[in-house]
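Here is what Swiss-Prot says about this protein:
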DOMAIN    2-232  domain 'Glutamine amidotransferase type-1'
ACT_SITE  86  active site, nucleophile
ACT_SITE  203  active site
ACT_SITE  205  active site
């Protein structure tokens, strides 16, 4: 098993993801520069956080049009798991691999703090280690994290259980106060229709060791590794 971690100009969470995958979860992983056009030999992909290309035009817009993304789309078409974290989520929406868009936070300022999330479904390659309804903790760090989609798209995401994480309070309740950025329906992470692509704004790699304040995020990577082992 080998997982690719995509690097763009401005990516800054790649080494954190590499550390978690290799040293915490114990799987083989390798960083791959955006100019590469071949991901042969990889069984999964992580598009990590950062500020790719300075967030010019829109967050993730330039990165979504780099050569490596054609290979990411091919990996996804093969059913292999693709995980987009923060800026990676933005890249995946810009690449039309995920529905909706990430826009400027409702209160236009950079938000960097811990959030409570509710696991909406455990039936995914990324959440099999969780329980449905479980409340977990992960930090956010973004300026453009407000999830937006048309009403019909939101209804489809709900109907097909493609919403994976929602921002909630400590008791697991969906409230306006628990929503850090104004995301519609408190959405923090979603799947594609085929359920092998996940994008989320919170950072699981920053919550993968107890010394950091939470190790809940580790289960995202462990679930992904289990899925690859069982299917590829």
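Every residue gets a Cβ built from N, Cα and C, even glycine.
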State which of the following active-site residues has the fewest other Cβ atoms within 10 Å around its Cβ: 86, 203.
203
C-beta crowding around residue 205 (active site), within 10 angstroms
28
Using DSSP with the three-state reduction, classify residue 205 (active site) as helix, strand or coil.
helix
Pairwise Cα distance for residue 205 (active site)/the residue listed as 'active site, nucleophile' [Å, integer]:
11
Could you tell me the mean pLDDT over the domain 'Glutamine amidotransferase type-1' (2-232), as a whole number?
96
Rounded inter-Cα distance in Å - residue 203 (active site), residue 86 (active site, nucleophile):
7
